[in-house]
Every structure is written in C-alpha cells, then in structure tokens.
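Working notes for the structure below.
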Amino acid sequence: MPSLWIKNARVIDPANKRDAVGELFVKNGLIVDSLSAAEKKKAKVIDADGLVACPGLVDIHVHFREPGQTHKENIATGSHCAAAGGFTTVVCMPNTSPPASNTGTIQFIKDAIKRDAVVKVLPTGCITVDMKGEKLASIGSLAKAGVVAITDDGDCVQSNELMRRACEYAKMFDLPLMDHCQDHSMTVGAVMNEGEVSARLGLRGWPNAAEDLIVARNIILATYTGAHIHLQHISSANSVELIRRAKSRGVSISAEATPHHIALTDDCIETYDPKFKMNPPLRTAADRDAIIEGLRDGSIDIVATDHAPHTDYEKDQEFDYAPNGILGLETSLAVTLDVLVRKHRFRLPKVIDLMTRKPAELMKLPAGTLSVGAAADICLFDPKEEWTYDAKAGFSKSSNSPWHGETLRGRVKTTIVDGKVIYDGKTVKKRG
Amino acid sequence: MSWNRRHLLTLEELSLDELNQIHSTATAFKKILTRSVKKVPALRGKTIVNLFLEPSTRTRMAFDMAAKRLSADVISLDAKTSSTTKGESLRDTAQNIEALQADMIVVRHSAPGSPLYLSKILGIPVINAGDGAHEHPTQGLLDTFTMRERIGDLKGRRVVILGDILYSRVARSNIQALIKFGADVTLCGPSTLVPHRFESFGVKVSHNLREALHDAEVVMLLRIQHERQNAGMFPSIGEYTSMFGLNQERAAWLHPDAIIMHPGPINRGVEIDSELADGPRSVILDQVTNGIAVRMAVLYLCSGGQPEYVTSSAA
C-alpha cells in the first residue's frame, strides 16, 4: 500500500484542536508525523487545495437492513453510501429480520461486514428478545460477540421495569444503551407531528410529549442505575431542555440529532409526500431551533443520520401506509454544513467535532481522530462545491431522500479508510 | 365565469368564486331532480368509477345517482370487490381503472391525502369522496349549499359545529368553505375532540355548549363513534350526551330560526334527540337531496362542463 501525502488541505482535527492549512501523512494505514524524503518520492500525493481534511466521519445510527431486508440495502451498499458521504465508521442498528438479539445473528452480520463492507461497520444488539420488549436479550453474550451498544431502535422499551433491569445488566459489561424515545400508548396510528399541520391535513399526530416522557424516564433510570443511555434522534424542544437540565446535574446521558430534524419541519408534509415521513416525525420550527441550540451548547452531543433505506414501491403509497425513514449518509455532511455553519453560524471545527470525535467517544470507538498512530481514516471535502443530489444515481439500493434533486453545498471528494482511498468522488473501491 | 379545475380534492384549495360556481351549477341541477324525467345528457358516453375503499352508504349512493342523472355509466368498487384485498397497491388499482378507459374516478379512502396522490398519478379527474380525517369536499359543499338555501348569505352568520371535530373530515371541509363564505364559526365539544389548535383555521373553539349555541343560526352535529370512548377520548357515551347532546332544552338556546344539520349517519339519542332530528328545524334530509345536486355539479364541472351552459340551458 503506497504512503499518502495530502498537501494544502485545511486540516481540521477537533480531537487535537488542529485547524490549519497543512499536510497529512499516512504510512502503513496509520497517520504519521511525516514521511522521509525517499517515502515522499514514492507516496501518492493528493493536492487538497481548497479542501478540508478531517477525520473520517462517524455515524452511530444507520440501518443496513442485512439480514432480512436486503432489497432495501445491505452491508455492501450501505457501506458504499457511507464512503460516499465521507463516513469511515458506522454503527448499524439491530432491527434487522430477524432482529439481532442473539449471537448467531451478530456473527452473520459480522461475517457480512468482513466480506462486504468498505468502511468500518460495527453492530449493535437488541435490548430485548426480538425487540418485543418482553424479555432481556442475552446482553452479556452480545457484548462478548462484539456489539458496541444495545438498542431496540425502531421500537422503544415500554416497560420501565424492564428498561431499568436492562440498564443495570448492561452496565456490568460497560455497554451503552441507545433508546428510541417513544411512548407507544400515545402514538397509536400516528404518522406525523401532532400540531397545527396535522390538524389541517387530518393525519394522526405523534405528540412530542410521547418523546419527552421517555426521555424523562431514561434520565431517571440513568440517574438511578448509573448506566449510560444514549437518546436517539431527539426531535422535541422539551426533550432538549430535559437533557440540558439532566446534563447540568451530571447524569450519564447523551443525545443525537439527525440532519433532517435540524433542516426540515412538519410544514414539509403539506403535500402528503412520504419522503418526509420519519419516526420521530419532523416537528415544528420551534423544535428544530431548540435542537440546533442543543447542538450549540452541548445538550445534544452529536449528529447521526438514522440512514433508513426503503424501496421506491414501499414509499410510493398513501402517506398513512408508507414506512418511516429516509436515506442520510450521502447527504449528511452537506445538509449539516448548510444548517449549522451557513444558517446558524457554527464554526466548522465544531461541526466536524459533532460528526467525528464526539460520536466515536460516545461509543468508545477507535475513530474520529487524526492523531499520530491512529488509523488513517480521513475525509476530504470541498465545503463550497455545489452539487445536485440524485438519489437514484447514489450508492444505496433505495432512493428515499427528501433531498433528491436538491442542490446542496459541501461535497465529499475523497474518503480514506486505513490509508486506502476507497472513494474518489465518483466511485467506491473495495477494501482489499 | 369559467371552471378550470380537473380534480376536486379539497375545499381548502377552492376560491370563493369557485365555491359559488359549484353552488350555482348545483342550483340549476337541483331543478332536474323535481322533473318527471330526472336526467340530462351532460355526461352521456362517459364512465365514472366510484372507488370506495371505506364503507359508505349515502355518499356512494349520491355519487352513483348524480352520475346517472347526468347519463354517465357508473361502476362501483369497494374494498371487498377490488384487488386491494389481494394486496394490490392503490397506484396499481387506480392505474388499471384508468387503463380500462374510465373518464373519472371518485375515491373514498381512509388515508388522508390519497386523492391528491392519485391526482398526481392519473390523467383523469379525481374527485375526493372523503379521505380519512382530512376533507370531504362534496359534503362541505352540500352543507353550505343547504345553509344558503335556508338562511341566505352566510356572511357574519353564526354557525356551530358540534361533536368530534378532531377526526372529522366533514368538519374540516365545512370550516374551509364557511370561512370563505364569511361565516362566524364556532367549534364545540369535549376538549379531547375539539383541541384549541383548530383556532389556527380562523374559527372559535368553545367547550361551553350554552355559550356556543347562544343565538347560533346553524348547528351542525357530528356523529360520535363508540370507538372514541374506547380510546379514552371521553368517559362514556352517556356522559357525552349529558354534556354535549342536543335536546329540546338546549335547542332553545339557538336563534329562533336556526336550522339543525347532521351529515349522517345519526346516533339518535346520543348527539341528537329524535324529536329534533325529525323536527321542523332539521334539514338533515334536505342535505341528502342536495348532495345529489352538488355532486352532479362537481362531476359535470370537473369533466369539462362550464357553469354558464348548465345555468342557462341544461336546467
């Protein structure tokens, strides 16, 4: 493998508080201080003039649908999407078919990752058996099999007692719990945010109180048990405030926001277009703004995509019946830059931090840094380039994206995993 | 005055002028209903498909009758007889109907927005006959038609809609039309079924029946479904009736010339006492008759007919 010499990049590495135009050197798949003159001669040179070089992006919330729903996505195509989006490490959710609640399924997923993935894909396991919310999954065995967290994502453990025991049990293995916060009793048949728009459209509403209640529950359980609970895709202003207060008391919780929840609101649903249907639903401008403020002050720790592929024919039906979820990996950086940097004046290194060091730290992953000796997982992007996203020409098996056909700004040019260029701005190359 | 719409999807999208065009066309068509030969050739040779994927009696019959009064051929499909029971998508079902050379499709569906969805897929006119809790535009048209027929201009007139607003497509369509006609609309019922967010429509929300009914010239009752009780929206049907049911005593709070309306089907003794439903102030059966005329107008206009023609000659 040739060494890499990346020149003239604006290197942003929040883990090392680095933000300056300079060089990056890669040797034997690792970040190194420098290359010798002889090594430089042989190195592959990448002139990154005008580009930002940052750690490969880290997404702790993706759905790759393997096993069981590989007509939507599989680990190969999902990891290709990740590469095209600048991601080098992703954590995939266990709501596969069957759900990843036993070590056999985890082994199946790990085999597929080893065989097919072009970026680093890490599995999670379920909290409860088959995500039924009735009985704890074999959490210890799952930990031993290599899951990085447990979650019933897509569902939410409704029993407070079971969630409490899951916290106590998982803490033994130092496994974080990730929770999709939704009180099911308040969201029966719900398909969008409950509010003025749902009242007008006649669609069944999902009140933000249903999220807030579980966020509050999880804060109480994290306090009581000492386990770490990561609150997934927060969508409500009240939840942000609950998290803010809990963090000020030192409770061991963390939270994520998705690009779509900081970019879009429930007004988008005016035409009943299922490409805007997701769970939790898009909420009001006040909720959106609160989440952005949460990202600014650290109440919300990270950005995660909730990349959720569905085929065209599944999404192309009545809004009530279309599945929840949208693609996220290929547009995440551009959308997040647009919302946070351009519209809300976040500093670029802060945004990179939300998408690299912090998510890696939350899941204790060896990623999100350009430190010397670290794996050379690097993303090069042009923060100014405008491009039109064509989801149908993207790397996913699906194309369910609200940004299909939209002009975005900020484009990934190169993705490097363990020192190898796996995405060159056009094509994805297999790791070998 | 000309009609430029191919579909009728919502009353929200219609202008006051368009609402008036439908009403004046319906007025002309209504005269046909009193003749010995209740038929005109306006849609002769056209085929209309009623795709009713949710149960309906009066709406479906009224559309059926309206189409036949215009000499159209009508085919009716319901959930049991359509291939949707075999898992066929709405898109495929509707595209097959179009491929069978239907000229227009009337759709009733439990999913809000489904007529809009079909209008984007199909090249033929789509008429919304009720989409979930969203809109029931022809009901809103026939209700306001009936009001105007009985009390005249609706500008500034006090109209109360009483009952399950939250889940009611009838309420939403009526609100959209009444606001455009300048009526003063109050929604009334238990707070669980009449949330204050409906004020964003430009109407008043009240949970005090006496205040709401005071001097109102129209009260429109909506059906209370037992399933709402099971869902915890109110404690019991008995309590609902005791708090919000319309009886003689409460009807006395209305304006002396007030009319009582109900889109049906009625729960006698629940939202309305029988003697009121059958009494002189009730226009419930007028609504049913007007439903034919209004739907004739809608089918006629959306199939390319122009209001001038029917108002000057067809009637």
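Glycine is treated like the rest: Cβ placed from N, Cα and C.
Caution: TrEMBL annotation is automatic and unverified by curators.
Counting residue by residue with DSSP, the domain 'Aspartate/ornithine carbamoyltransferase carbamoyl-P binding' (B:6-149) contains 64 helix, 26 strand, 54 coil. The domain 'Aspartate/ornithine carbamoyltransferase carbamoyl-P binding' annotation in TrEMBL covers B:6-149.
The carbamoyl phosphate binding site annotation in TrEMBL covers B:R58, B:T59, B:R108, B:H136, B:Q139, B:G264, B:P265. Taking a C-beta cut-off of under 8 angstroms and a sequence separation of 6 or more, B:R108 (carbamoyl phosphate binding site) has the following same-chain neighbours: B:N50, B:L51, B:F52, B:L53, B:E54, B:S56, B:T59, B:R60, B:A129, B:G130, B:D131.
Annotation source TrEMBL lists L-aspartate binding site at B:K86, B:R169, B:R223. When other Cβ atoms within 10 Å of the Cβ of B:R169 (L-aspartate binding site) are tallied across all protein chains shown, the result is 22.
Under DSSP, residues within the domain 'Aspartate/ornithine carbamoyltransferase Asp/Orn-binding' (B:155-301) fall into helix, strand and coil as 62 helix, 24 strand, 61 coil. Look at TrEMBL and you will find B:155-301 tagged as domain 'Aspartate/ornithine carbamoyltransferase Asp/Orn-binding'.
Chain A lies within reach of B:R169, taking the binding-site residues B:R58, B:R169, B:G264 and requiring a CB-CB distance under 8 A.
In terms of Cα distance, the binding-site residues that sit within 10 Å of B:Q139 (carbamoyl phosphate binding site) are B:R169, chosen from B:K86, B:R169, B:R223.
For B:Q139 (carbamoyl phosphate binding site), the Cβ neighbour count at a 10 Å cut-off comes to 28, with all displayed protein chains included.
Comparing local CB density within 10 A for the binding-site residues B:G264, B:P265, the maximum falls on B:G264.
The candidate set comprises the binding-site residues B:R58, B:H136, B:R223. Of these, B:H136 has the most other Cβ atoms within 10 Å. Nearest neighbour of B:H136 (carbamoyl phosphate binding site) by Cα distance, taken over the binding-site residues B:K86, B:R169, B:R223: B:R169.
B:R169 (L-aspartate binding site) and B:R58 (carbamoyl phosphate binding site) are 15 Å apart (CA-CA, integer value). Comparing Cβ neighbour counts within 10 Å across the binding-site residues B:T59, B:K86, the minimum falls on B:K86.
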